[in-house]
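TrEMBL has this to say about the protein:
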DOMAIN    29-542  domain 'Major facilitator superfamily (MFS) profile'
TRANSMEM  29-54  transmembrane segment
TRANSMEM  66-88  transmembrane segment
TRANSMEM  100-117  transmembrane segment
TRANSMEM  123-144  transmembrane segment
TRANSMEM  156-178  transmembrane segment
TRANSMEM  184-206  transmembrane segment
TRANSMEM  273-296  transmembrane segment
TRANSMEM  311-334  transmembrane segment
TRANSMEM  341-360  transmembrane segment
TRANSMEM  449-475  transmembrane segment
TRANSMEM  487-508  transmembrane segment
TRANSMEM  520-538  transmembrane segment
Amino acid sequence: MEGGVHEVDASAFRECFSLAWRNPYVLRLAFSAGIGGLLFGYDTGVISGALLYIRDDFPSVDKKTWLQESIVSTAVAGAIIGAAIGGWVNDRFGRKTSILVADFLFFVGAVIMASAPNPTLLIVGRVFVGLGVGMASMTSPLYISEASPARIRGALVSTNGFLITGGQFLSYLINLAFTKAPGTWRWMLGVAALPALTQFILMLFLPESPRWLYRKRREEEAEAILRKIYPANEVEGEIQALKESVEAEIREEGSSEKINLIKLLKTKTVRRGLVAGVGLQVFQQFVGINTVMYYSPTIVQLAGFASNQTALALSLVTSGLNALGSIVSIYFIDRTGRKKLLIISLCGVVLSLGVLSAVFHETTSHSPGISRQETAHFAAYSCPAYQSASATGWDCMKCLKASSPDCGFCAAAADKLYPGACLISNSTVKDLCHGENRLWYTRGCPSRFGWLALIGLALYIIFFSPGMGTVPWIVNSEIYPLRFRGVCGGIAATANWISNLIVAQSFLSLTEAIGTSWTFLIFGVISVIALFFVLTCVPETKGLPIEEVEKMLEHRAARFRFWRKETDGDGKDSN
């Protein structure tokens, strides 16, 4: 079996960092490849802040929700294609080549976005970035996994998750840094070219995955790399195990190159691995994480915080918690185990989504009223829909839903929770409202519950990040047999991005159609379903060499009586 049999080391976290002193080569491989995760995270986070200023520069974007969703989700559409072809490119040309191609695509996309004169070209740049992100999202953890000793593999692959969340945090910092700069969103999006260029240069000097080289009959190259990765007393066993693994595949297949969809589905271990791996990737998105990451400042505004700068600053807190959660994951992933982290994570996600749903229900049902006197103060700019209606029972939420033309809410000068004015929404009226030291609202309404919404968002991130944020990528990097790993990883990453696209393209439309409260409630119900899926369909892979995972799947089926202890084919408890 590949990787040999290693004892599970309870101090894998400490060993991972002590490795920097004993064998910095492994960390150099992990962190260089992990920059792909940084790119992934940066793009996820940066668009949420840039969108606030893109709306200001392009009136067509501000007025059309579907255009805002398209700017966000076309990168996801590109990522679907990138992840789909990424599996084939990984198996055909290698992990290193895939990362280099991803960096090139990301660099080109960042340059196009930064120079885009209109929304159309901006969307084209987003597609290029998405292609790169999609390919990197499944290649980086795969490369790290195949270049890591088994007992610290989870901790090292978690560094990819840490760099994803670190990229998101960095993007919010950069968003804040450029809020006052000319060109705001162009700088925000253009800076992304720098980490892509950095990784491209670093990867030129790093080797290919030793396991991929061995499958391509380049044994001497593979062995030379393994000798740099493993201690002298372990390397011969690893080389022998890898040799036996590849030879067994060749005997089974007749050729180590023949891979097709029918064979994937007919192979029991692969089929069960795909159910667990693809299912985790789909649920990772459907519990709503990228609505928070793509639209975090918008959600903050929906909770009653008016200014772009305030929304970005508060979103920085949630992004920081996300990065902190990924550090927690690195510590616990090889101590607690993958499955237990997922269960704890999903329980917390269900709780926090319930809080968010309740808070937004109170926010929308207790919004400030519309005052005739306050509106008359801006008589020339009062909202036509408000003027033509009987105006009985009008409040801030009803004002914001008015159209032809769109209307906004100018809060009362004395207190933002008092009845205010319903006015036409444009830059002139916005400046007029601000000129009287009033707050101007177009996304959400003033609320005394706004801080509770931030607490709900913080709880959501705290619970999501250590478990559902990183574990699906780790499980997918280790649950498939070597000969199918690139293709299966591509299938799972593609499923993740398709789910991401569905959520990103529908979130704002859902909040407009059924309200923010019901939208978060839907995510909460899906999280409950995800919890039962993890309990019944996801095996524990903590500390197992990759080939031992394959043996475990051979004897494992869905566990609908998940409360009973599971035993493997040898009668041992596998949980």
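The count begins at 1 with the first shown residue.
Cβ coordinates are placed from backbone N, Cα and C, and glycine is handled just like the others.
Contact between the transmembrane segment (487-508) and the transmembrane segment (311-334) is absent: fewer than three CB pairs lie under 8 Å, with pairs separated by 6 or more positions in sequence. Counted as Cβ pairs under 8 Å, contacts with the transmembrane segment (66-88) are highest for 29-54 among 29-54, 156-178, 341-360. Two recorded stretches are said to be in contact when at least 3 C-beta pairs lie under 8 angstroms, sequence spacing 6 or more; the transmembrane segment (273-296) and the transmembrane segment (449-475) meet this definition. By number of Cβ pairs under 8 Å, the transmembrane segment (29-54) is matched best by 156-178 from the list 100-117, 123-144, 156-178, 184-206, 311-334. With respect to Cβ pairs under 8 Å, the transmembrane segment (311-334) is most closely packed against 156-178, considering the stretches 100-117, 123-144, 156-178.
Contact check: the transmembrane segment (156-178) against the transmembrane segment (100-117) gives fewer than three Cβ pairs closer than 8 Å, residues 6 or more apart, which falls short of the contact criterion. Nonlocal intrachain contacts for the transmembrane segment (100-117), taken as residues 6+ away from its ends with a CB within less than 8 angstroms of a stretch CB, comprise 36, 39, 43, 82, 86, 89, 124-133, 135-136, 139, 186-187, 189-193, 196-197, 199-200, 203-204.
Residues 141, 154, 157-158, 160-162, 164-165, 276-277, 280-281, 283-284, 287, 289, 292, 296, 299-300, 303-305, 314, 317-318, 321-326, 328-329, 332-333, 338, 341-349, 351-353, 355-356, 359-360, 362-363, 366, 496, 530, 538, 541 of the same chain, all 6+ positions outside the transmembrane segment (449-475), place their C-beta atoms under 8 angstroms from a C-beta of that stretch.
When Cβ-Cβ distances below 8 Å are used as the criterion, the transmembrane segment (123-144) is approached by residues 29-30, 33-37, 39-40, 43, 47, 70-71, 74-87, 89-90, 95-96, 98-99, 101-114, 116, 156-157, 159-160, 189, 192, 196, 209, 473-474, 476-477, 485-486, 489-490, 492-494, 496-497 of the same chain, each at least six residues removed from its ends.
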